[in-house]
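Quick look at what TrEMBL lists:
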- B:GLU144: active site, proton donor (ACT_SITE)
- B:GLU315: active site, nucleophile (ACT_SITE)
- B:ARG105, B:ASN143, B:TRP323: substrate binding site (BINDING)
- B:CYS109: Zn(2+) binding site (BINDING)
- B:8-391: domain 'Glycoside hydrolase family 42 N-terminal' (DOMAIN)
- B:401-588: domain 'Beta-galactosidase trimerisation' (DOMAIN)
Amino acid sequence: MKRTLGTCYYPEHWPEEIWEADARRMAETGLTWIRIGEFAWSRLEPRPGDLHFEWLDRAIETLGRAGLKVVLGTPTATPPRWVVDKHPDMVAVDADGNPRKFGSRRHYCFSHEGFRQESDRIVKLVAERYGNNPHVAAWQTDNEYGCHDTILSYSDAARKAFRVWLKSRYGSIEALNRAWGNVFWSMEYLSFDEIDLPNLTVTEPNPSHTLAFRRFSSDQVVTFNKRQVDIIRAHSSAPISHNYMGRVTDFDHFKVGDDLEIATWDSYPLGFLEDRVGADDAHQRAFMRQGDPDFQAFHHDLYRAVGKGRWWVMEQQPGPVNWAPHNPAPLPGMMRLWAWEAYAHGAEAVCYFRWRQAPFAQEQMHAGMLRPDNADAPALLEARKVADELRDAPDVSAPQASVALIFDYDADFAWTTQPHGKELSYFQLVFDTYKALRKLGLSVDILRGETRDFSGYKIIALPGLIYVPQDLKQVLAETEALVVMGPRTAARNADMVIPVPLPPDMPGLDLAVSRVESLRPDMPMPLKGGGAFTGYREELEGAGEVILELEDSQPAAYRQEHLVYVGGWGDETVLKRLYTMLCEEAGIDTLDLAGGVRCRVTDGLRIWTNYGAEPADTPAGRIEAAGVLFEKL
Amino acid sequence: MKRTLGTCYYPEHWPEEIWEADARRMAETGLTWIRIGEFAWSRLEPRPGDLHFEWLDRAIETLGRAGLKVVLGTPTATPPRWVVDKHPDMVAVDADGNPRKFGSRRHYCFSHEGFRQESDRIVKLVAERYGNNPHVAAWQTDNEYGCHDTILSYSDAARKAFRVWLKSRYGSIEALNRAWGNVFWSMEYLSFDEIDLPNLTVTEPNPSHTLAFRRFSSDQVVTFNKRQVDIIRAHSSAPISHNYMGRVTDFDHFKVGDDLEIATWDSYPLGFLEDRVGADDAHQRAFMRQGDPDFQAFHHDLYRAVGKGRWWVMEQQPGPVNWAPHNPAPLPGMMRLWAWEAYAHGAEAVCYFRWRQAPFAQEQMHAGMLRPDNADAPALLEARKVADELRDAPDVSAPQASVALIFDYDADFAWTTQPHGKELSYFQLVFDTYKALRKLGLSVDILRGETRDFSGYKIIALPGLIYVPQDLKQVLAETEALVVMGPRTAARNADMVIPVPLPPDMPGLDLAVSRVESLRPDMPMPLKGGGAFTGYREELEGAGEVILELEDSQPAAYRQEHLVYVGGWGDETVLKRLYTMLCEEAGIDTLDLAGGVRCRVTDGLRIWTNYGAEPADTPAGRIEAAGVLFEKL
Amino acid sequence: MKRTLGTCYYPEHWPEEIWEADARRMAETGLTWIRIGEFAWSRLEPRPGDLHFEWLDRAIETLGRAGLKVVLGTPTATPPRWVVDKHPDMVAVDADGNPRKFGSRRHYCFSHEGFRQESDRIVKLVAERYGNNPHVAAWQTDNEYGCHDTILSYSDAARKAFRVWLKSRYGSIEALNRAWGNVFWSMEYLSFDEIDLPNLTVTEPNPSHTLAFRRFSSDQVVTFNKRQVDIIRAHSSAPISHNYMGRVTDFDHFKVGDDLEIATWDSYPLGFLEDRVGADDAHQRAFMRQGDPDFQAFHHDLYRAVGKGRWWVMEQQPGPVNWAPHNPAPLPGMMRLWAWEAYAHGAEAVCYFRWRQAPFAQEQMHAGMLRPDNADAPALLEARKVADELRDAPDVSAPQASVALIFDYDADFAWTTQPHGKELSYFQLVFDTYKALRKLGLSVDILRGETRDFSGYKIIALPGLIYVPQDLKQVLAETEALVVMGPRTAARNADMVIPVPLPPDMPGLDLAVSRVESLRPDMPMPLKGGGAFTGYREELEGAGEVILELEDSQPAAYRQEHLVYVGGWGDETVLKRLYTMLCEEAGIDTLDLAGGVRCRVTDGLRIWTNYGAEPADTPAGRIEAAGVLFEKL
């Protein structure tokens, strides 16, 4: 399969007279894919039942005639005002109890059955009409589930659905009381109908309660999406995708992905750097116009897993955006670099968001490939260059890596429920590990928590996987790979209770975490040989070999055969030391990358990227600022 | 007209036995004006319809007998409890949807017709009774519109009135949808009755929606005030004023001022320094007991414009206040300095707030001219000194300046709606420009956005004037003055949409802002020759002369004939360089002031002030800390 | 009376089979007291009226048989779900108007009569059943009144009760209007039924209003507690206690204590260090694993006063807790040190919270004396050592100190109502004074504001006691002790109004505070001879001797005979200088302690503690990190 380019287009925003010229220009730029339709409900059905699909017919026809392929979105992320008037209680309710009103987007609660039926209805209408359209070559459900913190809703609809979900999960109220330890603080319930949503409690609610609500909320998204998928599939054989948002961890992307053919994600490196990477000020200054050197790569690897191998960047930042605290312009070259980073990780397509900057409404300051006055914007010029380069480039490819890193949304729910130290997050722990591996020049496969077949991997890391089912423990105990656990791996049972025997209770590893502590970030605990644990640390009682030690000679990491357990949150130095040592043993070659230089190997190529604002030297030669270097292997 | 002094007095707070002594002491101190009545509703009408005006008759008589003139306030800023009980939904509603309860002041929504009628009624009663009173020489409507964030109300009354306002502005819902670009995110409405207030949306509302709501809210204040003015004017020929609050930009002071004879404002230099000047810690430490050297001057110039030449300081800080995060005492001399600063800018009167410190209720820690125990407080002593100096001082005067600076409330509404970078504000941009001009020793006239006659000015600056109507563009294109635009000048149309051709689209200036970016404050973009753009910067495509250049040789400011466009937020150095250059060309003499020393020229005098805590040298001689120096020209 | 140890135990959390082994192990550890029952309502009465006390009978019997004494708690801090369903409006309402929902604890409003009757009922059932039980040797009412900010409730029930309370306090609405100065801003009421709770006002409410609401809220706790006490006392002669929480100042602990025999408090030194000590980052780093060296001592002295001599630590931190922003492990030795600190201050008992770490629910990360897997945790080992040491230790004792320091909850209500500077708090002012005295090696008695008999004291300090009744002024004027006042001593009358003559208006002291100012914390005002006032400062006019002077020669402290007034918030150096001088005159020996070393004298012993992380030298010899040293006197 060839690597392709695309863009997101809103024909409803522009006079029909210019559609054809737009389509021609897209094709000339070298684009293949055009995503349309995902916010167009008020133009498709301005009044209840008053359907106006003709313009969309013409738009698709125009694009198709120009040789472009259409990704058609279902318009459910933006129900028109009349839908809300019909179902006034369909809006989500925030944690303070306020309804989240109409006037922007994603103003629906996933649990509201009335809105679910509206969603079914409009999706069916769209699917019936375009299911066999030759130009509609892929589908997208809704848009960015979870964006703007829209997964958790404290509405009446959610409360009702949560009770049903709990009953289905626990069977009896006695079982739930037992599983949650509700004897504590007399929180025992007499029936499922007594259970409220875990907001506005006097002090924190039972973490088992909160975790259950997060799981329920995630499942509501899965169900909502599946209803759309089932309807589309009844009318179309084109692949179905959803465009996930970077570092949205409030629902299980893998489970949504189980119902889709392709995973896509929306990559805004500059906005994310300030908004969600978690980097300090110095790092943010250094990469202000380039984005974090690892954040995109992490998500690329994640969505390759979510998409079971098939994945795209559905929205690629094309210039300054409008929504971050500050919105700088990318360094020249970055729009090309970001595309190549995606291809290096196996992307089938990279679509710039959006074709032409809209001069009105919320995103009027969001750049496009064209300026509002229709002139070429820098993104268009860089996209054209990528299109040229793609002509001779190898096909889509992402060979299996030697190192596997588990990322599990359920673990994130649990950590968020109870981080124990105020800066601690599961995502950050896994991402720190990812960064360390990538700085060693390694390609990494991200695997979901449900993985049981690890064949081909030499190292399997599962930091922070807070609940490890017994069968996974068994698989890991029997694998030939090096297994790196901790901190907090297997620290809870399925209901957020500390297990006895104490964690990790891993077959083949004589080790117990006897006590844990969270620490101020400015009170690191140094390790002998360099580096430190910061923020979180566990006291270990074990029998194996101590492979890392705190400066006060307490054990910091144990190893027994292929099983390694790290009792703390290692800083960059600790992680580098640890994985260098393990790679050496496993026969994996490593590099020592610094600054903004990174690389990834695809079939026959090592693709180097330089996120730095200055040129840099690599073993493969000099690389420009914001540059890409192709090294034949 | 002679320059005068005054104070604010609350006879209802004190036993009637001491009124006469108070009045005598006021006169002896050299005061002319006594403002009274503006919070006295519960004493004038303790129960519905139960009127008690006799005490106020006597108070006015007592003051008049002592030779004092009364400014009489309408008491609508503090409706008594029974008014709220009569109209429970008259209170404003905050952005979170909570009613703002009785128990302090300004607890009304400007859109509530029931309360508007109560306001009409009480104002009529007051105006009828005192319209011809010989001692009532001026009026004040209400008190500090907008204080405590009271302009925007999300009440039912506001929602209803907003819909009427929108219908009147846009005519048809189709026109509104088009103007706002509501096709975006399917936000299209079918009728005005579907439009809600722009709070509690899932993510930001359409900026056109928010801007319209801000304009509506401002208009509600104008209407509210006008109803009071019309009633007073039917019974009195004395001038009518309102006391505006420093850096309250939520409504259009000019439009309220159109209905008044005099503009006044309430000047609290120390409270404001911490609370709203926007200064960094070092600056706040340096001027903790003196206030910012330019903030008062800016407002003096602003209210001279709002008052069409006639303006006062209605409340002058007399010592420590009660409401800032910290409340230090002013340096000895500052109460005099602040008064002279006002006179230097053309004030007719300076009234210290308040006569005697009230030992009870919210402002018990707010100093007065007298202490609670009736002893002289420092303000009284300094006021007496000013009174002595006024005897031989020239009359009120404010000759036209050479430099005009436009300040436009509507532009502030637009910037607040969409600052693009999180620290950016229109007020700050204009104020930064003002500071730079004042440090060059220049007198500045602040002009409203509706100004079309600029005769007499040599330089006209309109930074950040985000919407520039076509007729103003024409006037500026044809003026002989130097016109300084940018950043963000003319960046939007009247409905908050980016115009095409791209901004500023100015006749006579071949220039387009091709892309804009907001920046972290710690990532300035240096200019060749010194200084930097900070926070905000625009990419320029133009044909004129590049008069400022970024260090990377990109153009930073263009000039074509008399039209200058600056593509970024210049720091102090940049603004100084730019305006020094332009003044030189325009034949305007400049100084180079630093630290806390400033000056202003009135007829025949240059009045020097030293906000510094140490003495300083000026071309006119040495000036004490907190001192004033009169230089005859 | 012998000093004793104890723990908190939740038999309902564990299988009945292990109770006996638990009891035996408690006894073997050397424990005497076991607190139980305070969260067990849902197990005692799972459904309305469906009583299940048999398990508790057996638990008490099991503990008693092992020679242990039971403290039995009333279970009202955690009403079960069905109680809330029966009285849906019984929950408290937060300041934003949101009901504080079921799902954790303390979900009741103290003013709700329906819940008060439920409380009466369950307490009566418990008291009837166990009033004569030989093993129930003490009682505890409820649990940690005020924890999680639960004193102030803005519910309908509170509003109604507040009106009744106001009527009872002020008699007539005219008297209230006068006392509060409601003429200000037309806040006058026509009847008590018009008075609302002071939340959600447009700007701050009248401080007299807020203060009254805080007093009312405190009184509601007193009444609530007294109803429980009266019921228990009707059935039992065992002493009754309540476990107060550190630095909860929202209700008057002394007044609650008036109805109890024993005061206890819950001491969590590491959690408190980060959460409520108010220490800067450097101090927090230095004592991260030890806790503040003075915070526990202060509370020990406070609760000795609240308990009229009889007091315990009811909950002693046993290891890392779960609820602070970060939760480090204590340094080895601290669990012993904390116990000895308590005994040094006269504690009868120290009970570690809790026996075994619960692996479920909110406190699953809260350490116990046993780990979840039943192994000994460090707390158990240290408790055992303390138990050994107690065998030969002297009896409970707390001889009267030479220095008295007044701490008054009502003063804290007033300061909280109106701090004047944003960092200022009464607790911090008194605590700063306490720290200074303790660093001089002094033992301190904390006295309540109602104290009138000061015999035996050589120094009486009452910083910040903002309202000083006339009879207390008289007593202080006539005492032979040195009396240290200021800042803000006697600054208000009983209703939060500045008195005239100006404060402090103290017989025998010719002094008036003529003006006050609050300051940025980074703008200290240095004193001659060292140290500075920070944050707050008063201008003094007086006749006595100036004993401290600002660097600009303004008076900083006056003295006349035995009366001293300090006009500012002294830093550590100022307080040390002042009290060293006064102690010398009063013939009190002082030491000069630094770092983490402190001491306290009991009968015949000076007990040294080292909160430092390094060993230190004392006059009595070397003391280990986290060590205790017993010096025979």
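Each residue, glycine too, has its Cβ placed from N, Cα and C.
Note: TrEMBL annotation is automatic and uncurated.
Features as recorded by TrEMBL, highlighted on the structure.
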residue	record	DSSP (3 states)
B:ARG105	substrate binding site	coil
B:ASN143	substrate binding site	coil
B:GLU315	active site, nucleophile	strand
B:TRP323	substrate binding site	coil
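When the alpha carbons of the residue listed as 'Zn(2+) binding site' and B:ASN143 (substrate binding site) are compared, the span between them is 14 angstrom. In sequence order, B:ARG105 are the recorded positions among B:ARG105, B:CYS109, B:ASN143, B:GLU144, B:GLU315 whose C-beta falls under 8 Å from a C-beta of chain C. Whole-number maximum of the Cα to Cα distances across the substrate-binding residues B:ARG105, B:ASN143, B:TRP323: 17 angstrom.
Taking the domain 'Beta-galactosidase trimerisation' (B:401-588) as a whole, pLDDT averages 98 in the prediction.
When Cβ neighbours within 10 Å are tallied across all protein chains shown, the highest count among the recorded positions B:ASN143, B:GLU144 belongs to B:ASN143. Residues near B:GLU315 (active site, nucleophile) in space but far in sequence (CB under 8 A, at least 6 apart, same chain), listed by position: B:CYS8, B:ASN243, B:ASP266, B:SER267, B:TYR268, B:CYS351, B:TYR352, B:PHE353, B:ARG354. Within the same chain, residues at least six positions away from B:TRP323 (substrate binding site) with a Cβ under 8 Å of its Cβ are B:GLY271, B:ASP275, B:GLU363, B:HIS366.
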